Each structure stands twice: as C-alpha cells, then as structure tokens.
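Taken verbatim from TrEMBL:
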type	residues	note
COMPBIAS	1-10	compositional bias 'Basic residues'
REGION	1-22	region 'Disordered'
TRANSMEM	85-102	transmembrane segment
TRANSMEM	114-131	transmembrane segment
TRANSMEM	176-194	transmembrane segment
TRANSMEM	206-224	transmembrane segment
TRANSMEM	230-248	transmembrane segment
TRANSMEM	260-282	transmembrane segment
C-alpha cells in the first residue's frame, strides 16, 4: 500500500529511468543533425549552374534577338512573337532551377520566404512578359528605345493625347513594376542560397576548373541583366551584402564553398563590366539625356537603337 502511494505521488519515478534514455537519444540525434548541417559542404552543382546560365542566355538575352531574326510572317504583330514563347519558357524553367538550388543547399533555409519570393518572381516576370512584348513589337513601327515614351516620333503625335498616357502605363508595367517584382525576389533567393554556401574547412574553399569556366558567361549575363533591367542599385546592394556576409563569416572561421565562390566571382565580374560599360558611354549626350541623375547606366538596347540600327 505504501509503495503504491509512493508511485502515485511520484509517477515519474518508475518511468524516469526508461524516459531518460529516450530523451537522451532525441537530444543526441538533434545534436548530430545540427553537427552534420554545420559541417556539410555541397559539391559544385555544375549541372544546375550550366543549365541556369544556358537558359539565361537563350531564353532571356536571346528573346529580343529572336524576335528580330525570325520572319515577321511567322509571328504576326497581333500574335505572340517567338520571344514571347522564350519568355514563357523562362518563367517556368527559372523558378524550377532556383528551387532545385535551394533543395541542394547543405543548410536549412527559410522555406516560407523562398516560396513567397518564387511566387512574386513568377508574377513579376509575367507582368514584364506582356509589357516587354508590346514594347519590342513597337520596334517594327519605328519605336526608338533611346528616347522616352513621349519623345518617340510614333507616339508623341497620337490623338487623343490620353493614348500616350496608356503607353506610359505600359512602359511603367514593363520597366518598373515588372522589373521590381521580377528582380527583387530573384536576387533575394540567390542571396539566401549564398548564405548557406559556407564551410568550416578551408581546403574545401576553392572553385573547380569548370566553375571558373562558367564565371565569364555568368558574369556577362548578369551585366546584361543589370544594365538592361536598370537594377544597378539592387545589384550593388546585393553584392555588398554578400561581401559583408563573407567578412562576417570569416571571423567565425567559415569560408565560401565552390558554389558560393562561383556566385561571388560572377557578381564581381559583373561589377567590373558595368563599370567599363558606364565609362565607355560616359560622354554620350543622347543617352545622358535619357538617363539623367547620379546613377547613369545605359541600357544595351537603347545603345543598339541609337548607334547600331540607326546606321542600317
């Protein structure tokens, strides 16, 4: 009776010895997972980075070129162009590759932020698809990218004048709202992924040869993205955030792995190319008029319509 009363007063006494091993096992397992995550280092994802770079060049950089190359009879002006189909493919493939990158990260990254960023990215890229499609089709009617909407010869004499407001709204969706909702989550996802690209082993902080080979086409594409997308401020903020994170992690004796080095080298090359591009066109009076202010980063397509297509 007394033993039963003691068991009722201290119910954990009998099961305590059995409960402690279970709790110890869970704690040990949790600690081992944390240790594995801290020490884990992903190999260089050559397949993903190669596909990512290839589709960026073909589907993003190549779409306005494809619109000019393919015969107009195949894609009438009142139907989607070949470049629009390129853009649709880009809007599907890019989020998929970004999600695959996140899956291969050796660290646990904030999933909710990733999903919201992917959704916003797709929405922004889709808005841009429509605006960019119409703006590039206007090239066949004499639209000049190096001029503002109201200064374009084919637009400034439109009647009623409220039609010009509609074209300016289209330009806003294309160049401002679409770009913001496209590129902000894009760079945010890359930065979140970059934050997981650190290793405690300095010997693993090196880029293989294939990574160095991809740096040039990758950095050159980001140059096009920054200049044509007019997102220099977003890019430079992301780059310096990456640099600050590298210096902060270095104090903890954590070093960039091969994937992190590839991203960092690509962005560093992009910054160099943007600086050379701006220096080359620094004294161009026409482009200076279109891009006033402290931040002067001309668009490649504006340069093309001003200095290349006008000669033909």
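Just so you know, glycine gets a Cβ as well, placed from its N, Cα and C.
Note that this is a predicted model, so its numbers are computed, not measured.
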Discussion item. Using a Cβ cut-off under 8 Å, which residues of the same chain at least 6 positions beyond either end of the transmembrane segment (230-248) come close to it?
Written reply: 175, 179, 183-184, 187, 190-191, 194-195, 222, 256, 263-264, 267-268, 270-271, 274, 295, 297, 299
Response to the item:
Counting Cβ pairs closer than 8 Å to the transmembrane segment (114-131), the top stretch among 85-102, 176-194, 206-224 is 176-194
Worksheet item: For the transmembrane segment (85-102), what are the same-chain contacts with Cβ under 8 Å, counting residues 6+ beyond its ends?
Response: 45, 48, 51-52, 55-56, 58-60, 62-63, 66, 109, 114, 118, 121-122, 125-126, 128-129, 132-133, 186, 189, 192-193
